[in-house]
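Undergrad: I am attaching a structure below and will ask some questions about it afterwards.
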Amino acid sequence: MLNLVLFGPPGAGKGTQSQNLIEKYNLVHLSTGDILRGEISNGTALGLEAKKLMDEGVLVPDEVVIGMISNKLDANKGANGFIFDGFPRTVAQAEALDNLLSSKGEAISGMIALEVEPVELEKRLLLRGKDSGRPDDQNPEIIKKRVEEYNSKTAQVASYYKEQGKFTSVNGIGTIEDIFTNISKVVDTY
Ligand code: B4P
């Protein structure tokens, strides 16, 4: 079973590349950002709590997103594999994911990290914010906060997978097609 973590700072292209990967490798896409936005648009209690944090550019509590992922894994028994997009974002989430998978006799195949510098990230997110209606993409201060959260809490997740020999970095600058070709080359080695 292929269990892929797609990693990178906000705006690195995780969601974009996930769309290509799910088709090519027949994987179930688990994006915690998308799941949380779904909760917000359905007006659930979880969505109300998450909206406040997401609009400020800060992470939602670990137990909330771990519970969401656990439910999705259970709901997709028999899948060919999963692509984890935007999760894990803390070391506690990475440990919880390992525990969830090993309880099913599974493990992470590898993490692919998209490398993009901060100036390009801000440009991409502000551009998307013009059409997407996402409040967290429209304000440079909130984008700065998201990048700070990434640097202080998320970047260390890369070391967690490096220590397990499961980390590969891919240049996230270039055309979406070229980046996808480079990601596919890595996935094909798993
Ligand atoms: P996410 O929804 O995961 O948002 P993101 O980091 O911006 O990534 P996304 O996948 O949307 O963007 P992409 O890089 O594809 O998270 C939002 C919020 O939810 C977080 O701030 C947090 O509050 C909360 N959250 C989510 N998961 C959580 C977790 N596990 N724990 C706690 N909190 C959590 O694309 C960005 C833009 O770049 C797009 O417009 C795209 O078209 C463009 N782009 C992509 N590739 C490009 C390329 N090669 N060239 C030019 N532009 C490109």
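In case you wondered, yes, glycine gets a Cβ from its N, Cα and C as well.
Remember, TrEMBL labels are computer predictions, not curated facts.
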Undergrad: Quick one: which of G43, G47, G165, G174 does TrEMBL put in the ATP site with G11, A12, G13, K14, G15, T16, R128?
TA: G174
Undergrad: Looking at the AMP binding annotation from TrEMBL, with T32, R37, V58, L59, V60, G86, F87, P88, R89, Q93, R134 already listed, which candidate in R124, R146 is the matching residue?
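TA: Record check against TrEMBL: AMP site with T32, R37, V58, L59, V60, G86, F87, P88, R89, Q93, R134, extra candidate from R124, R146 is R146.
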Undergrad: Can you tell me the CA-to-CA distance separating G11 (ATP binding site) and R134 (AMP binding site), as a whole number of Å?
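TA: With the alpha carbons as reference points, the distance is 13 Å.
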Undergrad: For the region 'NMP' (31-60), what are the same-chain contacts with Cβ under 8 Å, counting residues 6+ beyond its ends?
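TA: The answer is 14-15, 18, 68-69, 72, 85-87, 89-90, 134-136, 142-146, 149, 153-154.
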Undergrad: Under a threshold of 6 Å between Cβ and any atom of ligand 1, which of the binding-site residues G13, G15, R134 are retained?
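TA: Checked binding-site residues vs ligand 1; flagged G13, G15.
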Undergrad: Which numbers of helix, strand and coil residues does DSSP report for the region 'NMP' (31-60)?
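TA: Final tally across the stretch: 22 helix, 1 strand, 7 coil.
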Undergrad: On a simple 10 Å Cβ count over all chains shown, which one of the binding-site residues G11, G13 is most densely packed?
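TA: When each Cβ's neighbours within 10 Å are tallied, G11 leads.
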